[in-house]
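Novice: If you scroll down you'll find the structure; I have some questions about it.
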Amino acid sequence: MSICRSLTLLLIALFSLLSLPATAQEDDPGKALLINLAEAPASKVEEAVNAIVSSGDERARGWLEAYGNNRLSRVKDTGQVVLVLNNRGRDWEIADPLTGENMGEMSRRELDRVAINNRIRGQLEGILAMLDLNAKDPDVREASAQDMMGKVDASLVEPLEAQLAKEEDAAVRNRIEEALAIYRVGEGNLEAVDVLAGSLHPRARAALNEAVRGDNEALAQRAAKALESIEQKLQLNRAAETLYFGLSLGSVLVLAAIGLAITFGVMGVINMAHGELIMLGAYTTWGMQQLFPGQPGLALILSIPAGFMVAATAGIIIERSVIQYLKGRPLETLLATFGISLILQQLVRTVISPQNRTVVTPDWMSGSLVINDALSLTLNRLYVLAFALIVFAGLMLIMRKTRLGLEVRAVTQNRAMARSMGIRATRVDIMTFALGSGVAGLAGVALSQLTNVGPNLGQNYIIDSFMVVVFGGVGNLWGTLIAGLSLGTINQLLEPWAGAVLAKIIVLVFIILFIQKRPKGLFPQKGRAAEG
Amino acid sequence: MWLTRPLQERSTQIFLGVLFAAVVLVTFLHLFMPQDSALHVSAFTVTLLGKYLCYALLAVAVDLVWGYLGILSLGHGAFFALGGYAMGMYLMRQIGDRGVYGDPILPDFMVFLNWQELPWFWHGFDMAWFAFIMVLLAPGLLALVFGFLAFRSRVTGVYLSIITQALTFALMLAFFRNEMGFGGNNGLTDFKDILGFNLRTDATRLGLFIATGIALAIGYVICRGIVTSKLGRVSVACRDAEARTRFLGYRVERVQLFVFVVSAMLAGVAGALYVPQVGIINPSEFSPLFSIEIVVWVALGGRATLYGAVIGAILVNYAKTVFTGIMPDAWLFALGGLFVLVTVFLPKGIAGLLQKRRKASQDDDTPTAQEATV
């Protein structure tokens, strides 16, 4: 008997030990707060919510979010408050709100939803934003302050002001001030209008518009003035955005055309397969990403030399096998290289797939650079723009400062004279063509980040590239850069009122007419080289 | 008379004789051979051959400017398609209220797009004579304006090629737009009859085939007449030494303009005959690829021979029909290979091979492709 009793005692002791965490939970202030909320009558709910907010508990955000989404429930038997993770079907998956521990599934009949009314739900968003305003990360604070714009009501003014007083980050302060100003404009405060006059946020404009329509005349006048200044700023930003997109499109054109400017412009070889060399570069990027799965960034960086090499090799093969036999017969070269472009396209269709391949954009290239509320620049386009400029600068250096560049210029200006000076013209031909082709490969690597990678990729760019080179003036790299960027910008400027297709047609017609006027392009070559 | 002179030439006589014999033979085999005979030519084949003849006429037009004027046009598909669209618009208007929506005036696609009335440029196309004039006028006018601007500013060689390519590309983009009023993507199709004849009957198809044969014969004689005339000699001079011809006092740009416009009109006629036989015209005829393909027909057949263009067009298109039937994937390889092989190994084309054979009895003053190289 006694043994039996002592065993029982031991068991009880063990159990109490095991339930130690439970006792810890007992002491958790969060539990009381939640139960308080769950049990509060309609009139006291607000108080209970505020209590949770002011507790400073880190888990408060999750609780309130769940509360707003009807995901806070009470177990009927035990009275414990739980989070509902999944409320589909009959058995709901629940978790402990205090520890976050998954508690498995429970029949929904045994659960009792913690009631919420619409008034509280409306406020909850602001309250949650207030919670975020205390976050450590200034970006989170700024985002939450931005969320708050237009949602501030009388109850939030005071806490916001308190927040403003202790906030140190300038951007966050600005946002809070704007949020407060929107509320104050609604209340008829004149000074608040001036605060909003500097804001580009759509909510600020909405608030000012409302003030203009309101009965308060002094306020309406001031708001109208503020709106005018905002409108001016917006227009400036829109112009900047169009310019950015134009430059971005232009940088793509420059990239596609700059290799052609070498092979066509400098060497005088019409390479209709240029577009397919771009395509090869893009497929190299895809191939590298298959080689390094899960590391798109590394693959992309490695693709830059790889794409160059692949396209340059293809270029050398084309030059050796076909183009060298057609020297001095540009129209035949045009036809033969067009044939090569058909073969390359079909090769990709047969060997890889006629479908487009997806090339992953690495994290550091996706997203956008936010300048202000009205203007944000997509990062991948920014990178491509920078890349185009770097490639251009590199080519410029090669042509101007290296032995190869000197020899290329000598051979194009006077082949016979250059050869008698000991320059191996055939070697220069190969090197130049490889360089131009390799740059096409680089263009492909960049384009893989902006458009679909498919067998038709090159075809879409070949006519544009030739237009850019001819427009800029054959044999002039600067001309190509300026022509590409300006054609891209013109295209973007026309698009809003003409539509994308019509804009393109207008640009083409413009170039056709321009060539009639100035057959040698924007920057014609002067002197003897021009006659060659 | 410049038009009758070619008829006395041996080469033209042979060409016309062969063409006449072929058309008569096909007609005979189609009409008088029993259906189950191995020699019977089906209506489908007749239409296919008619299509080849349209292409042949188009190739002759391209050869006229490339072979004898030295202008490599990569935009002749545009003139072909414009002629085709003019014919297509006439055929559309002939449908009348037999369309899907039954509108007596508006073609189906306009009803579909909720258009209330006919656009201005569609007026007059219900009359055959007007449409047939437009078949010549639309491509001719485009060639006139484009050529006037280009030749006046002495745009030649590769530049002109690239610009003509841009021209047809721009037109393709434009015709793809629904707002243009030419049926957008789908183009014009679902034709019923031409000049009162039902397009689906075999007799009409045979008639169109014969008409195409006649058009090709006339087109060939016109081109031959031009190249053997004094104008033709000046045009060859422009091709080989433009600056020198200019210094000798010839108005090079006028010669170029005249030949270019004639060529564009011929291409337009080819397109107009093509559309009723194929039964559809859509913007893909404007695609740069098609235009450049035409050039390869000419290159394969032999540049600056005219009959070579006909041979090239028929051969390549026959090969295309066979290839796309048996192994469609291989066609682009074959076509691409053809581009390379012809330009590298066969600069004079098939006609060059033929000429080599019968070098002795050469009363033809046609310059060979090698001299023609620009």
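Note: Cβ is positioned from N, Cα and C throughout, glycine not excepted.
Per TrEMBL, the feature signal peptide maps to A:1-24. The transmembrane segment annotation in TrEMBL covers A:243-270, A:298-318, A:330-348, A:382-399, A:430-450, A:462-485, A:497-515.
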Novice: So which residues does the transmembrane segment (A:462-485) touch in its own chain, when a touch means Cβ under 8 Å and the partner is 6 or more beyond its ends?
Specialist: 246-247, 250-251, 253-254, 256-258, 260-261, 264-266, 272, 274-275, 341, 392, 395-396, 399, 412, 508, 511, 514-515, 520-525, 529
Novice: Taking A:298-318, A:382-399, A:430-450, A:497-515 as candidates, which has the most Cβ pairs under 8 Å with the transmembrane segment (A:243-270)?
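Specialist: Maximum Cβ contact count belongs to A:430-450.
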Novice: Restricting to the same chain and to residues at least six past its boundaries, which positions have a Cβ under 8 Å from a Cβ of the transmembrane segment (A:430-450)?
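Specialist: For the transmembrane segment (A:430-450), the sequence-distant neighbours (Cβ-Cβ under 8 Å, at least 6 residues beyond its ends) are 252, 255-256, 258-263, 266-267, 269, 271, 274, 277-286, 300, 303-304, 307-316, 318-320, 323, 359, 361, 365, 380-381, 383-384, 387-388, 391, 395, 398, 404, 408, 411, 457, 461.
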Novice: State the residues, same chain only, that lie 6 or more residues beyond the ends of the transmembrane segment (A:298-318) and have a CB under 8 A from a CB inside it; answer 'none' if no residue qualifies.
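Specialist: That would be 263, 271, 273, 277-278, 280-282, 284-285, 288-289, 291-292, 337, 340, 344, 362, 365, 430, 433-442, 444-445, 448-449.
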